[in-house]
Amino acid sequence: MQKIMHISVLLSPVLWGLIFGVSSNSIQIGGLFPRGADQEYSAFRVGMVQFSTSEFRLTPHIDNLEVANSFAVTNAFCSQFSRGVYAIFGFYDKKSVNTITSFCGTLHVSFITPSFPTDGTHPFVIQMRPDLKGALLSLIEYYQWDKFAYLYDSDRGLSTLQAVLDSAAEKKWQVTAINVGNINNDKKDEMYRSLFQDLELKKERRVILDCERDKVNDIVDQVITIGKHVKGYHYIIANLGFTDGDLLKIQFGGANVSGFQIVDYDDSLVSKFIERWSTLEEKEYPGAHTTTIKYTSALTYDAVQVMTEAFRNLRKQRIEISRRGNAGDCLANPAVPWGQGVEIERALKQVQVEGLSGNIKFDQNGKRINYTINIMELKTNGPRKIGYWSEVDKMVVTLTELPSGNDTSGLENKTVVVTTILESPYVMMKKNHEMLEGNERYEGYCVDLAAEIAKHCGFKYKLTIVGDGKYGARDADTKIWNGMVGELVYGKADIAIAPLTITLVREEVIDFSKPFMSLGISIMIKKPQKSKPGVFSFLDPLAYEIWMCIVFAYIGVSVVLFLVSRFSPYEWHTEEFEDGRETQSSESTNEFGIFNSLWFSLGAFMQQGCDISPRSLSGRIVGGVWWFFTLIIISSYTANLAAFLTVERMVSPIESAEDLSKQTEIAYGTLDSGSTKEFFRRSKIAVFDKMWTYMRSAEPSVFVRTTAEGVARVRKSKGKYAYLLESTMNEYIEQRKPCDTMKVGGNLDSKGYGIATPKGSSLRNAVNLAVLKLNEQGLLDKLKNKWWYDKGECGSGGGDSKEKTSALSLSNVAGVFYILVGGLGLAMLVALIEFCYKSRAEAKRMKVAKNAQNINPSSSQNSQNFATYKEGYNVYGIESVKI
């Protein structure tokens, strides 16, 4: 059993004499306050002081308890009754209402309460809170809702819900009723989010919140978290304290929010009370010292006034009221009711006064009648009264605005505010913009597009640059949209014409037209330095595999030619002199030895030829196919040689997103607020998820505030930073001086830029049709060519593309010179070796001949002559070419 904290406030006779006068008449008043109702208790105390009288004094006995605990309520009520109270003020909920009403009816003790009104007849219960059913049904009909969700707190009873369901059955409304009163506090945030996500799947964007302030605030927090507080959503807060909640956090979301207000702050009586209320000390009166008051606190203050007025009327009627001898046990069996309790009930029901909650009057059942409830709507400048509801007049609208909040006035009569962003080449300041005014200060793709859209739709427009320079993203903590999206969501602009990417999260809060430009995320890097050709770059036209095959083919052809020449009888012939006479020797010769075969193949490959040619058919077949082979190879080589020698190629260290993700030397990042960052954050693809993990944890941060900052970082990083941005912007910057950036790889995704309007805007259809028409006319492509390529500064091939051809430098052909010098050197070396070899051989021969002469002197002369002739023949004759 939970222990009840019992607080009895008994003011001393001296103090009460100072407050209420010198009269000793004391009227005991009970009070049952729930824990945490500090402001209500402060209002109760202020009322005790405010409505004091010299005729009698009210003496309160206060109990703070859990009103949901029926046992605690029973003990407190019986304790109050045994003290001899004349009436009890207090609160109840659905668990304790039957206990309290039963005691009141049995013991004839009047109970004045600001809690929710009950159905049926409950004697001795005076209900300070007006019934909201009639006003709520009238507001639903005013908004012409026929399909909505109804979220209710079962702790407040089900009477209002039952009335709505009865009307729904009669008028064929589609109502989704959901009880949020039993949601576990530990998981409430998650459950609220899940609830509204389920409603979104059902396209339920009209919601009634039949809850008290604290629960409404909890629900609104989660509505903001999941982005359901924007245009296109409408909420009705079904309690009497529209201004009691924290409306500031949802005020600029764009959603329509309506409700009811029982305390009219424009009323003079309320204004005077607030002046005094705001001067009270917070420590002495918790919840005071503010310029507002909760409607339950206002009803508490009014209840004190009603009790005071009732007892004053009894005094005027000279009806003596006393509890002497009547303070008994409330649990006695049989129960003994208080005999004079009926007189007090009658006096309370007959009270008619003006209070903080307006006109206070009761019917025979103790329920409020002849009251007025203000109808409120939340505007961007705060809560605003749009009308009121009363039992006689029903709903009366005093503010002539359409309930939907959409502007349907003619476009031709309105200057449309167009928000955009300074981003080349979409929107740029003209060089002489300081001398111009209005839209004339700007130029660019989107400036021309805005003019065309306005011409097709027939409206005047004003270009404004977004204040924070952002495209639009929702803050993870505050859930507030920034950038151009925020200006649309919060009603600061009518349309956004800019390079704004169409994404799911943005589509949830704003409307997009058909894409006016298709694009994707691409990689920008600093253009690498052109690679200089190598010493042997003349070998590049053919792959190394081909060169190896040519070498083997050369050797193979030479060997085959040698073998064919040896086996073919037609390749052998006798030697002839220059005058045509044959030698007297019968020996046949063959010119295609192995070295001559190699020389013949080399000469044919170099297209130079040699002095010998095959005589046999087989040898000529070998030579023919070799000539054909060399013809094709040399022609192909020559065709590619010019391109390889004159074009300086750029070697990029990065070719794709995979290359970026696999290395850490080159940093990479995106715009800090935009769709590109969202793409990586939400992507489930392994490569992109790996890139996002790196980007969000990189130090220093790889994110940049603007595209210009990202481009500057690429240019200054010396190839150590890559910037991820839309391909269209990448292509544009590549065409701008100093022409030192380039796009690498393909696009990472496919998306489009669209023109954005607020949810439900009347501009949406007109703008959409205009975009389609411009696309069919080819004007969109014409605008892109104008601002991307016609005004480009680097040409199609970069900054040096103006030169048609590049002159060959020494480095292009250095290898050829090296081979020439090497060949000459090799020839001289071989010649030296041959000379040395021949000299040594000649020395040996001369030595042998001299020795022979010494042995046979008689024949030395003839032998010498013959040797001299033979040597001359070997050196200069035909044999000099024989192997």
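Glycine is treated like the rest: Cβ placed from N, Cα and C.
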According to Swiss-Prot, which candidate in Glu452, Glu545, Glu726 joins Pro499, Thr501, Arg506, Ser675, Thr676 at the L-glutamate site: Glu726
From Cys78, Cys104, Cys549, Cys610, partner that Swiss-Prot gives for the disulfide involving Cys330: Cys78
Selected from Cys739, Cys836: Swiss-Prot disulphide partner of Cys794: Cys739
Of 394-404, 427-437, 691-701, 867-877, the range Swiss-Prot labels region 'Required for interaction with IQSEC1': 867-877
Per Swiss-Prot, Lys361 and Thr706 on one membrane face: yes
Across the region 'Required for interaction with IQSEC1' (867-877), average pLDDT on the 0 to 100 scale: 40
Least Cβ-crowded entry, counting other Cβ within 10 Å, from the disulfide-bonded residues listed as Cys78, Cys330, Cys739, Cys794: Cys78
Residues from the same chain, set at least six apart from the ends of the topological domain 'Cytoplasmic' (611-616), whose C-beta lies under 8 A from its own: 561, 564-565, 568-571, 573, 591-592, 596, 600, 622-623
Rounded inter-Cα distance in Å - Cys794 (disulfide bond), Cys330 (disulfide bond): 97
Inter-residue Cα distance where the pair is Cys739 (disulfide bond) and Cys330 (disulfide bond), in Å: 94
